Amino acid sequence: MVQLLGLLVGFVVVRETSSVDFAAYTLALAVLTVSGVAVEAGLAGGMLSVAHQQPELRHRSRILVNRALRIRRLLSAIVIPAAITTLTILLTRSRVSTEQVIIYSALIALAILGIAMNGLILTGLRIARRDRSFQANNIIGSALRSIPVLILFPLFHPPAFVALGAAVMSYFAQLLLGLYAYRSTTVHPPAEPEIIRNIDRSLKLRARKLLPYNLLLVAQAQFAYLLLGALAATVTLATVAALGRYAAAYSVGATIIVSTFAPIVSRMPPDRARRVAATITGLVFAASILGVLTIFVTANFWLRLLGTPTVTGMRAELTLILIGAALHATAMVGGGLQDAIGSVRWLWVYGPAAVTITTITLLMTQFLTVTGASVLILVGSLPGLVVTILRVVTKPATAPASRKSTEGDP
């Protein structure tokens, strides 16, 4: 239900806004998505892995949260100015008014802060195994994001940035509720300096190894939108983004699966964890492709449901985007579970693969058309899938025994 509300919000914004307005909203979401991954930096998986290595930290999880927060503050200080600058350039190129550029920039800065803080608190609740508090927090946040949009847009047709404003409000409401639940239900005796040093070492090492990969993975998924925005191809951007509303279901599903199973596999013995992660990844791939086939057969219905004439007859483009979304979701699940296990092997492959395949695609396709942009979205998911397959079918670089110590790869 939580994720269904999120999808409904996307459909309402598509139907009730103009192409230019929706293109600006899409660019803001693309920048926010990349920025959110940059400040996350793999720290959630690192906290779960460290908590598994030291079970006593389950009752002292504030230590982990506080140490991770120090890293996220530094990352936020770097990411927020970069995000605002990038978004300002993209929106200006798309001929968005100065007032809206200022509003979007302020909302993006607040959203990044909310995501950075809220994510750590929710991870702390998972480590402390306060699952009810975690689920209640997500439900309340989803309601605060969705209900204002579902009411206001059909009645008053406000600018698209109102939807982003509702999301920002929900992030900070979740943060306040999460802090209350976290502080009232967990015990936090002081930690010895050696424990703090080991935690810092593990989290920083993980951030250095995972941040480049995770950032490239998400940036590649958003590359087509950012490129179209930079080239001021507003109509193509709005059309592709409208078709991408269905692709959002795959990202939502992948996020649910990772948040559900990552804490579980992080507590398993290494060999069993790898087998379970591989099985889940395979099932996600099969289910995703089945979903693509289902939508392909009934494409006309789904295109009409978007309520915008620019997507009429675009069955092939919708299918290309959905295949890309299915492959990206598989990479998200496989990578997220491998992160929780502590495997960081093969990440170096992603950068060269992404640069090579993107360059070839840009040279061989007319990416300013809807079809060309759809192809770009599809091929952009291939490097992540290749890396995920390599991570799933090979053993991690670290020996299982190393998972008992926080000094090294978590």
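Placed from the backbone N, Cα and C atoms, the Cβ positions cover glycine too.
Automatic prediction, not curation, is the source of TrEMBL annotations.
Noted in TrEMBL for the protein shown:
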type     : residues : note
TRANSMEM : 29-50    : transmembrane segment
TRANSMEM : 71-90    : transmembrane segment
TRANSMEM : 102-125  : transmembrane segment
TRANSMEM : 137-156  : transmembrane segment
TRANSMEM : 162-182  : transmembrane segment
TRANSMEM : 211-241  : transmembrane segment
TRANSMEM : 247-265  : transmembrane segment
TRANSMEM : 277-298  : transmembrane segment
TRANSMEM : 318-337  : transmembrane segment
TRANSMEM : 349-369  : transmembrane segment
TRANSMEM : 375-394  : transmembrane segment
Contact between the transmembrane segment (247-265) and the transmembrane segment (211-241) (3 or more Cβ pairs under 8 Å, separation 6+): no
Close approaches to the transmembrane segment (137-156) from elsewhere in its chain (Cβ under 8 angstroms; 6 or more beyond its ends): 1-3, 5-6, 8-9, 12-13, 16-17, 122, 125, 162-163, 166-167, 169-171, 173-174, 177-178, 181
Cβ-based contact of the transmembrane segment (29-50) with the transmembrane segment (277-298), 3 or more pairs under 8 Å: no
Positions whose Cβ lies under 8 angstroms from the transmembrane segment (277-298), at least six residues beyond its ends: 246, 249-250, 253-254, 257, 261, 265, 315, 318-319, 322-323, 325-327, 329-330, 333-334, 337-338, 341, 388, 392-393
